[in-house]
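Engineer: The annotation domain 'Protein kinase' is assigned in Swiss-Prot to 22-280. Look at Swiss-Prot and you will find 146 tagged as active site, proton acceptor, backed by sequence analysis. Residues or ranges marked as region 'Autoinhibitory domain' by Swiss-Prot on the basis of similarity to another entry: 286-316. The annotation domain 'EF-hand 1' is assigned in Swiss-Prot to 323-358 on the grounds of sequence analysis. Positions annotated as domain 'EF-hand 2' by Swiss-Prot, on the basis of sequence analysis: 359-394. If you look up Swiss-Prot, you'll see 372, 374, 376, 378, 383 marked as Ca(2+) 2 binding site, on the strength of sequence analysis. Feature annotation from Swiss-Prot assigns domain 'EF-hand 3' to 395-430; the stated evidence is sequence analysis. For 434-464, the entry in Swiss-Prot reads domain 'EF-hand 4', with the evidence type sequence analysis.
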């Protein structure tokens, strides 16, 4: 009878079974070498992620060593806030389990796909985090070797969630001057010296430069119909800055990209030098462009509306989907620089100045006053949405019906002055001119507003107008259609 194969172990010590301490739940993700589960600590109820690696996929001692090194590197970097924190590791006869911090916001890659590309200020913030991770790795003697948007997770679904690095499966410890020859990484992000099989930590800066390029335009700098074609483009090192949106992107941003995607690793910026580059350091050099003339135009149109129409727009804004208001939510956060939840006069003025608006302070003050329906002195999120949603939302009948029904409290088919007084009270608004407003809308002079009169009021004076920049937010980076379906590993 043949002897059973001896069980091999990754960890140098015996552990409990992972299920002694945790309940394993739903599958969160499936990778080439393992499956990630939601797990819950049995005593504390804390929710974490558990990456389980089947030992049957570890074919030789080198594979076992690689898993151990991944665990060691995660512990080594665990104090850095933008690295996914490992809690503990477990091993049984069939699997190795890495229990780590749960990041519920999804991959950076998915957000790029959803948004198309980022503003310069947002891209600068993200790349500062990414290169900060690179600097932390290098300062601690680690080369990541597989930096890509798929390996960065957001801590939550909030737009301002922390970005954290994960998946150190290809990472290695290194000493100063040490060179590697193993061909690893992912095709779009691999540095030329990796293709030449003689490289060091500089390869991570190249990969981060590719990510920055994608953040700003939505597509990678080097791509072709085949993996070999991609490698050929990488070795040629020619960057494309002629097509949109590059003509409108600052020279400082392009300067940084050129220095990160320098083909000679000895001339390439270090991670620390990237973090000291003016585009990263100076907000004025890496400008956000949160507003354009269309926003000013919409605020002006909003200022000319009566309060019923303003309130109806707010009701409509509150029922729109996240997809529809996603761009405006971003815009609000960009303007609300102190994250107070309201936009002050100074914040509105600063935002307009950043995009070269020449409105006088008195005009900006008037726009704020018009949007500030509850007269609090600032614009809250609901007021901002109401003032800036595209007026084509008024072409959708279901939106108008919903808004009318909000004011028609008794569902009589008419809005009365008493119902308006009740609505005004709900919104915290004082207005003694309701009689005059009803007269302006009430075409048959019966003292109340029917649905037809309400629709006429809502659609009166609405131009088609331009976009607020949401077109770019909805562009899709889809490597399966726009680009070759080749986001494979090298």
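From the backbone N, Cα and C atoms, a Cβ is placed for every residue, glycine too.
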Engineer: Measuring Cα to Cα, how far is the residue listed as 'active site, proton acceptor' from residue 378 (Ca(2+) 2 binding site) in Å?
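Structural biologist: Cα of the residue listed as 'active site, proton acceptor' to Cα of residue 378 (Ca(2+) 2 binding site) measures 46 Å after rounding.
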Engineer: Sort out the residues at least 6 away from either end of the domain 'EF-hand 3' (395-430), same chain, that have Cβ-Cβ distances under 8 Å to it, and list them.
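Structural biologist: That would be 307-308, 311-316, 319, 373-375, 437-438, 447-451, 454-455, 458-459.
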Engineer: What count of other C-beta atoms do you get within 10 angstroms of the C-beta of residue 383 (Ca(2+) 2 binding site), across all chains shown?
Structural biologist: 25
Engineer: Which bits of the chain, at least 6 residues beyond where the domain 'EF-hand 4' (434-464) starts or stops, bring a Cβ under 8 A of a Cβ in it?
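Structural biologist: Here the qualifying positions are 301, 304, 306-309, 312, 391-392, 394-395, 400-401, 403-404, 407, 413-417, 420-421, 424.
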Engineer: On a count of neighbouring CB atoms within 10 A, which of the recorded positions 146, 372, 374 is highest?
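Structural biologist: Checking each of 146, 372, 374, the winner is 146.
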Engineer: With every protein chain in view, how many other Cβ atoms are within 10 Å of the Cβ of residue 378 (Ca(2+) 2 binding site)?
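Structural biologist: Result for residue 378 (Ca(2+) 2 binding site): 19 other Cβ atoms within 10 Å.
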Engineer: Which residues of the same chain, at least 6 positions away in sequence, have a Cβ lying under 8 Å from the Cβ of residue 376 (Ca(2+) 2 binding site)?
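Structural biologist: Spatial neighbours, sequence-distant, of residue 376 (Ca(2+) 2 binding site): 342.
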Engineer: By DSSP, how many residues in the domain 'EF-hand 3' (395-430) are helix, how many strand, and how many coil?
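Structural biologist: Per-class counts: 22 helix, 2 strand, 12 coil.
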Engineer: Which are the residues of the chain, 372, 374, 376, 378, 383 excluded, whose CB is within 8 A of where the CB atoms of the Ca(2+) 2 site average out, their centroid?
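Structural biologist: Here the non-site neighbours turn out to be 342, 371, 373, 375, 377, 379, 380.
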Engineer: How would DSSP class residue 376 (Ca(2+) 2 binding site) in three states?
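Structural biologist: Residue 376 (Ca(2+) 2 binding site) sits in coil per DSSP, no helix or strand.
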Engineer: Kindly assign the residue listed as 'active site, proton acceptor' to one of the three DSSP-derived states: helix, strand or coil.
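Structural biologist: For the residue listed as 'active site, proton acceptor' - judged by DSSP and reduced to three states - the answer is coil.
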Engineer: Give, as a single whole number between 0 and 100, the mean pLDDT over the region 'Autoinhibitory domain' (286-316).
Structural biologist: 70
Engineer: Per DSSP, what is the residue count of the domain 'EF-hand 4' (434-464) in each of helix, strand and coil?
Structural biologist: 17 helix, 2 strand, 12 coil
